[in-house]
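Database features, via TrEMBL:
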- 24-41: transmembrane segment (TRANSMEM)
- 47-73: transmembrane segment (TRANSMEM)
- 94-117: transmembrane segment (TRANSMEM)
- 123-138: transmembrane segment (TRANSMEM)
- 147-168: transmembrane segment (TRANSMEM)
- 174-192: transmembrane segment (TRANSMEM)
- 213-234: transmembrane segment (TRANSMEM)
- 240-261: transmembrane segment (TRANSMEM)
- 273-294: transmembrane segment (TRANSMEM)
Amino acid sequence: MKKSIILFIRNAIEISRLSNPKPILLLFFPCLWGLFLAYAPHISKKAIFIAMVIFLIGSIAARSFGCIVNDIMDRKIDAKVERTKNRPLACGKMKVWQALLVAFLWLQVCLLCFIIFNQTAKLMIFIGFIIALVYPLFKRFFNYPQLILGFGFNIGVLVGYATVYNQISNSSLIFYICGIYWTMFYDTIYAMQDAKCDEKININSTARKYGSMIFGHLLKFIIIITGILIFGGYMSSMSFIYYLFIVPILLTLIKIFKIVIKNEHEDSFNRAFQYNVIVGLLITLQILAGRYFMFI
């Protein structure tokens with residue numbers, strides 16, 4: 001009995017991807033973008049901190065829930081892919097009902113966070129929830145599933161802004177679009193790990209769709225992300241400090257691109273993907289600094 005419980009907990013941690021927490025930040029940072037875009041001196045710093053904590057907890061729960069839903073829907077596909085064949089459901093270590101139980105527990109955490117928000121933020125969260133449910137299906141018939149992931153993974157920008165003002169601004173929409181392109185950039189790189197296997201089992205991804213033109217598309221994403229950040233700063237009337245972050249962000253994106261091109265190591269694509277945490281952090285600091293120094 002004790003061994004069964006320990007095994008269940010281990011599998012629950014694994015299927016929730018808690019052993020690989022970095023991607024949680026890719027969901028968490030866009031929430032901060034929206035929250036910091038809404039910053040003004042009259043807003044309580046304590047309230048902002050509390051919101052940040054709630055967003056972090058919500059990001060952990062939402063990402064874990066989404067991963068489990070993905071694994072349940074893709075368990076037969078994952079069993080045929082080298083990188084994913086040892087996942088708990090794919091290899092049979094875990095039953096579907098057990099995965100559903102873990103997903104249900106994470107969903108309760110999501111709901112506890114959900115009830116705190118205002119109506120506009122709740123609507124955005126609900127849209128993100130629907131996207132999380134249907135995203136795995138798009139890989140079966142849509143050539144650009146990374147676009148759908150981008151819609152869901154960056155909904156936090158709109159949630160973050162709406163948390164403060166109970167509405168969505170043009171600026172938050174601009175940074176939401178920026179986040180979508182950023183997701184397409186990093187998840188295309190992530191999908192490059194499985195491109196050959198995906199082709200054999202007919203699973204769609206931008207990595208497959210772009211084929212030999214993939215490097216050109218990654219460069220295009222870098223240019224678009226940089227352009228939107230500049231435009232977003234202008235439309236948000238950011239202080240000059242904001243624009244100082246453009247260079248390190250661009251250099252980090254280029255570094256990621258170089259890692260992908262060189263492909264010197266077995267895990268080069270995963271390393272390049274992980275580097276995007278730095279990009280997300282820099283954009284978060286950029287928006288925070290740009291907004292804060294507007295009022296000084």
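We number each residue from 1, going along the chain as drawn.
For all residues, glycine too, the Cβ spot is worked out from N, Cα and C.
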Stretch in 47-73, 94-117, 123-138, 147-168, 213-234 most in contact with the transmembrane segment (174-192), if contact is a CB pair under 8 A: 213-234
Paired segments the transmembrane segment (147-168) and the transmembrane segment (47-73) in contact, 3+ CB pairs under 8 A: yes
Beyond the flanks of the transmembrane segment (123-138) by 6 or more, those residues with Cβ under 8 Å of it: 62, 65-66, 69-70, 73-74, 110, 114, 117, 145, 148-149, 151-152, 155-156, 158-159, 162, 168, 204
Tertiary contacts of the transmembrane segment (213-234) (same chain, 6+ residues out, Cβ under 8 Å): 171, 174-175, 177-178, 181-182, 184-185, 188-189, 192, 206-207, 242-243, 246, 249-250, 253-254, 257, 260-261, 283, 286, 290
